[in-house]
Structure formats: structure tokens, C-alpha cells
Amino acid sequence: AEARSMESLEKQLICPICLEMFSKPVVILPCQHNLCRKCANDVFQASNPYLPTRGGTTVASGGRFRCPSCRHEVVLDRHGVYGLQRNLLVENIIDIYKQESARPLHAKAEQHLMCEEHEDERINIYCLRCEAPTCSLCKVFGAHKDCEVAPLPAVYQRQKSELSDGIAMLVAGNDRIQAIITQMEEICHTIEENGRRQKQHVGLRFDALYGILEERKKELLQSIAAEQEAKLQRVRGLIRQYGDHLEASSKLVESAIQAMEEPQMALYLQHSKELLKKITDMSKASMSSRPEPGYENMDHFSINVDYVAEMLRTIEFQTGA
């Protein structure tokens, strides 16, 4: 359990760039990720290749630094990487760890790495042909006896150096890609803004066309409504005239029927002459005024908008300047 705790602590004390235990760790505010100060300077220098350097170290200068662990961007002051706050807590933990650890970190980690073919032999060399770590017996008697080998620490240091350089290259490349992404995001924003403006412009133009159509429609509908009302007034006037005549005729018929029922001849004759005159006048009344055939027709108000519709369909964006 104690060994597992030490291994877990070791993982927390490893720099993500050089994969070694932190050396003068700095804290990358505000994301709180740690880097060796030298690794931080290497990453900053790789990301800013045109900044002046002196003795392999970037001359103190402000700029932007992107954390390789979380990609959070930190704005550096004029002191550059050396203006970042040192993480004294991590340094104290490393000092305590080194005091408690009897052997260096990697030697201790490798004490359990034994050869699968020779269980009592530690893996201590590296086969350059097979690109695999192995033990001395495998070189002398085993599968790697005809292979070229090298000391494990030398290959380890060389590959870690290559990996560190590769990480720095990737970090620098990632920053360039991020700059391209930012530029393209700005292009997307400009495209959206230009599209919104042009949509608004086209919408206003069509709104103007809608306004012209609505105004013309209103004028034409008013013309139809005016003739409709004039015709209705005339026909309704005739209806009232015929209705009045019908009402008067019906009352005269009732009076005539009542007169027919009068039994006294003298009394009948007193009123019959006047009644006969009213009947004669009513019969002679002219009721020949009627709407002419087709008077109700309103087809002359039909319109043909096919050519206008076809013209509207040809609306297109202007080309050229």
C-alpha cells in the first residue's frame, strides 16, 4: 500500500513536457497546472520563434502562453515566463519525497520490471533492432543474441529528449492551428453578419413590392365595391318600389272583396264607382322598370397578372459592380 501511495505521488510530480520530476515548478495561473520553468520557457520559445533569445532562453518579454495541459491561454507580463509564480508547495513536496525515497524515481520504478524469459534477470538493455527493452541473458543466449543493443539509460534519455522535442513541436503546431481556427471563426462571424445584412436588405425590397401590391389591390377592390354598391342601390330601390305597389294592390283587393259582400245595393253603389276607378288606375300603373339582362354580372373586373407573376419570378441578384 505504501509503494502504491508513493507511485501515485510520483505521477503527480511529473512534468507533462519532459516527463521528469518537476524542477523549479511554476504555476500557470489561473488554471493551476504546473510545468518546469525550463520546459515552460521551451514551450513559450517554440510558440514564439521570432522573439529574441540569449543563451537559449527567451529574452524577458510580454506575450501569450498556452498551457499544454488544458490549452488555457495566459497573458504574460514583461518578465515573460520568469514572471510566473513559483509553486513552493510542490517544491516542498518534491524535497520531502526525495528524502523519503531511498533511490531515484526511475530506478525505484524499474526494480519490479523483470524479464519474462529469465525471471531473475532485470531488464537493463535495449535491443535497437527489435526496439524493445530486454535483459543481458536474452542478449547472450536468448532471442536478441544476434541483435545490436545499447544501455537502457542512454536509449531512455535519448527517447525522452526526442519526446520532449516532439511535445514542444506539437504545442507550437497546436498554437498555429488554434490561430487558424480563431481566424476562421472570425470569418464565420463576418459571413453571418454579412448574410444577416443582405437578408435584411432583400427583405426590405420585397416589403416595398408587397406595399405596392397591397396599395394596387386596395384601389381595384374599391372600384369593384363602388360599382357593386351602385347596382345594389338601384335594384333595392326597384324592390322597394315593387313592394309598395304590391302592398297597395293587396289592400285594394281586400277593399274590393269587402265591397262584394255588401248586401245593400244603394250602399254598395255609393262606393263602387270610386273603387272601380282605383282598380283601373292600379292596373294601369307601369311596373316595367327592371334590371337589364346580365346587370348582375361583374366579370368585367377580372384581371390578368400572369405577366406580372412571370416578371416577379425573374427577380435575381445583380451581377457585376
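Backbone N, Cα and C define each Cβ position, glycine as well.
Here TrEMBL flags 15-71 as domain 'RING-type'.
If you look up TrEMBL, you'll see 110-152 marked as domain 'B box-type'.
With DSSP states grouped into helix (H, G, I), strand (E, B) and coil, the domain 'COS' (260-318) comes out at 32 helix, 0 strand, 27 coil. Residues or ranges marked as domain 'COS' in TrEMBL: 260-318.
Residue counts for the domain 'B box-type' (110-152) by DSSP state, with H, G and I taken as helix and E and B as strand, are 7 helix, 11 strand, 25 coil.
Looking at the domain 'B box-type' (110-152) alone, the prediction's average pLDDT is 77.
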